[in-house]
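Beneath this line is the structure, given in structure tokens, with notes to follow.
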Amino acid sequence: MAYRHVVGPRTWAFADLAELMAKATPVRSGDRLAGVAAESAEEGSAARWCLADVPLREILARPLIAYEDDDVTRLILDTHDAAAFSGVAHLTVGDFREFLLTATTETLARIAPGITPEMAAAVSKISRNQDLILIARKCRVVTRFRNTIGLPGTMAVRLQPNHPTDDPAGITASILDGLSYGCGDAVIGINPASDSVAALGKLLHLLDEIIRRHAIPTQGCVLTHVTTTLEAMNRGWPVDLVFQSIAGTQAANAGFGVTLAILKEAHEAMLALKRGSLGDNGMYFETGQGSALSANAHHGIDQQTLEARAYAVARPFRPLLVNTVVGFIGPEYLYDGKEIIRAGLEDHFCGKLMGVPLGVDVCYTNHAEADQDDMDVLLTLLGAAGCTYVMGVPGADDVMLNYQSTSFHDSLYVREVLGLKRAPEFEAWLHALGMTDAAGTLLPAEPGSPLLADASGLAA
Amino acid sequence: MSEDAKIWARLAGLTPARIGLGRTGSGLPTREVLRFGLAHAQARDAVHTPMDADAVTADIEALGLPTLRVASQAADRAAYLRRPDQGRALAPADRDALERAAGDSVDLAIVVADGLSARAVHEGAAGFLAAFKPHAERAGWSLAPVIVASQARVALGDAVGAALKARAVAVLVGERPGLSSPDSLGIYLTFGPRIGRSDAERNCISNVRPAGLSHALAAFKLDWLLSQAFARGLTGVSLKDESEAALAGSDVAPALPKA
């Protein structure tokens with residue numbers, strides 16, 4: 001069915017819901033590359049007017065990719081919670097925005113299982129950045145493994161100690177540096193340079209050893225392919241979190257070499273290990289706008305809607321952490337700081353609305369029109385929006401993946417400006433070590449800290 | 001220097017990561033803000049400085065290698081960054097010119113592409129070719145003229161290789177600059193170049209730069225990969241780079257600079 005909107009003498013027509021949603025999306029380079037973006041500012045605006053009138057029921061009834069063609073569509077529809085949806089089923093997209101602006105935290109939690117990614121994406125497209133911040137801030141998604149992530153007034157940090165050759169001493173040095181800045185409550189997560197199972201084993205044991213020796217209330221993760229992590233679990237190696245990159249269509253997931261069945265198998269294997277002391281949220285997923293297009297698996301759908309569908313893939317696995325790697329993929333998908341900032345807020349909003357613990361890798365590459373000032377803006381906005389976690393990379397410079405993210409220092413900045421705390425168990429651990437005061441503020445380093453005692457052996 | 005400061009200095013020596021930076025309140029010391037800013041400026045300049053094709057062709061011709069120039073369909077850097085498809089396609093006039101220039105089939109076409117770092121090409125392309133030329137001569141491989149390509153991505157080599165009737169194409173391309181590596185050259189080898197080849201059908205030698213892989217070693221690796229590609233009739237994921245093992249017991253090793 002075609003959608004129409006009249007502006008003065010001109011009637012704008014959109015062939016179907018996919019085209020309408022794509023053209024209603026604030027313009028970004030990836031949608032232009034895919035040939036689905038609005039071709040004029042007025043067309044984009046007309047599409048937003050038109051989308052605001054579409055009932056949420058209609059979005060549910062018109063899958064963007066056919067049920068029989070795509071297992072992500074099947075997952076979305078088969079697990080849809082009709083009871084949770086009943087509270088908003090009568091609304092149009094435009095009414096839904098207004099409903100969200102006045103909804104309480106409890107209401108948002110109640111409707112989350114009834115919100116499909118397409119509904120979340122649709123309402124985000126007609127929302128301003130301030131709406132995305134205000135509504136997401138009211139959503140609460142709390143997860144637990146060895147600590148508690150997502151409590152109000154907190155923001156966690158993934159300590160990302162990557163090294164270009166996976167050198168254990170070099171990685172340990174970066175971990176000690178990050179811990180000394182009070183980072184690492186979300187996870188200590190290494191992107192390995194090598195794909196090999198043997199390399200994975202070394203890094204898993206290294207993380208397990210550091211976390212045990214210092215009794216750190218956190219979890220470790222080596223971000224390798226899920227099948228490699230399955231192999232590690234079969235070998236009895238110490239796997240805390242199971243990682244996988246995911247996307248919003250079956251074909252894009254196939255490009256990542258992953259299926260829903262493989263994720264289910266890995267999830268069950270993780271649960272059987274029972275390594276979480278406080279909870280069993282043991283999955284960690286990464287996503288990013290543009291991944292489906294780069295895998296030629298976008299079905300003519302805009303990249304932001306596809307990104308929200310990736311959160312639907314994550315949701316049934318009750319993950320501890322999910323993050324969009326928002327500026328990583330490059331300027332052909334998000335061209336500049338403005339597009340990256342908008343996308344980061346959209347992704348965080350959609351994830352939270354769907355009940356997924358969304359964090360953001362606030363980042364950019366050197367061929368994007370962005371710099372550290374743009375990252376400061378996005379980090380501050382996400383702190384205000386209640387973002388679950390961000391990255392902590394030494395000096396913001398990832399020397400393995402060759403991109404810039406947020407640093408250990410950046411986390412101190414956002415905590416000081418917005419009063420954000422760490423996960424409470426991690427906060428207590430830092431305080432017990434004498435590294436922070438009662439308010440969680442980092443103290444000047446004392447000589448002879450137990451962390452540095454570790455380091456002296458390493459560097460000798 | 002305090003004991004702890006000594007430990008941090010030693011730890012910093014274990015990784016190229018920016019650790020042990022110190023802090024002033026919640027912020028970075030001024031020197032670190034400026035150091036980061038300089039590194040980013042160099043990486044940005046590497047992306048946006050246009051390739052000096054005159055100088056690059058002159059350097060290559062000085063090695064006794066003839067050259068031809070082509071451009072992709074990306075009109076400028078902004079188009080190049082937004083439209084990867086345009087950077088992979090030859091400008092129509094240049095494709096016709098290459099087809100007219102093509103003689104009998106050759107073993108190897110070499111493409112020097114600006115990619116995302118003209119600086120890497122300015123500083124590294126001729127040096128690498130000087131190191132590789134003796135390998136090609138020793139193997140007896142016939143070479144097409146070296147193609148100097150502007151606003152070009154790796155896959156442009158497929159169109160070039162096909163137009164020149166080359167059995168294989170090697171694309172020397174300026175890599176996406178990291179904050180600490182604005183000058184890194186990548187070398188992508190594709191057997192049987194034709195439009196539509198996927199990245200899984202290529203082999204890559206990356207991080208060719210003074211602080212990374214040397215020209216001599218990169219030339220040795222390309223020689224090894226190319227020999228394997230011709231022997232097995234393929235490149236890509238099925239061809240694992242085991243040149244290190246070959247290097248250990250090889251009589252080619254003396255061609256490398258003495259340590």
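Residue 1 is the first one shown; counting continues down the chain.
A Cβ is built for glycine as well, from the same backbone N, Cα and C atoms used for every other residue.
Of the listed candidates (B:GLU123, B:GLU175), TrEMBL assigns B:GLU175 to the same adenosylcob(III)alamin site as B:VAL154, B:CYS204. Within 8 Å of the Cβ centroid of the adenosylcob(III)alamin site, not counting the listed residues B:VAL154, B:GLU175, B:CYS204, the chain contributes B:GLY115, B:VAL171, B:VAL173, B:GLY186, B:ILE187, B:TYR188, B:SER206. Remark: of the binding-site residues B:VAL154, B:CYS204, the most isolated position is B:CYS204 (fewest other Cβ atoms within 10 Å of its Cβ). Largest Cα-Cα distance over the residues recorded as binding adenosylcob(III)alamin, namely B:VAL154, B:GLU175, B:CYS204, equals 11 Å. In the three-state DSSP reading, B:CYS204 (adenosylcob(III)alamin binding site) counts as strand.
The C-beta environment of B:GLU175 (adenosylcob(III)alamin binding site), restricted to residues of the same chain at least 6 apart in sequence and closer than 8 Å, consists of B:GLY115, B:LEU116, B:SER117, B:ALA120, B:SER181, B:SER184, B:LEU185, B:GLY186, B:SER206, B:ASN207.
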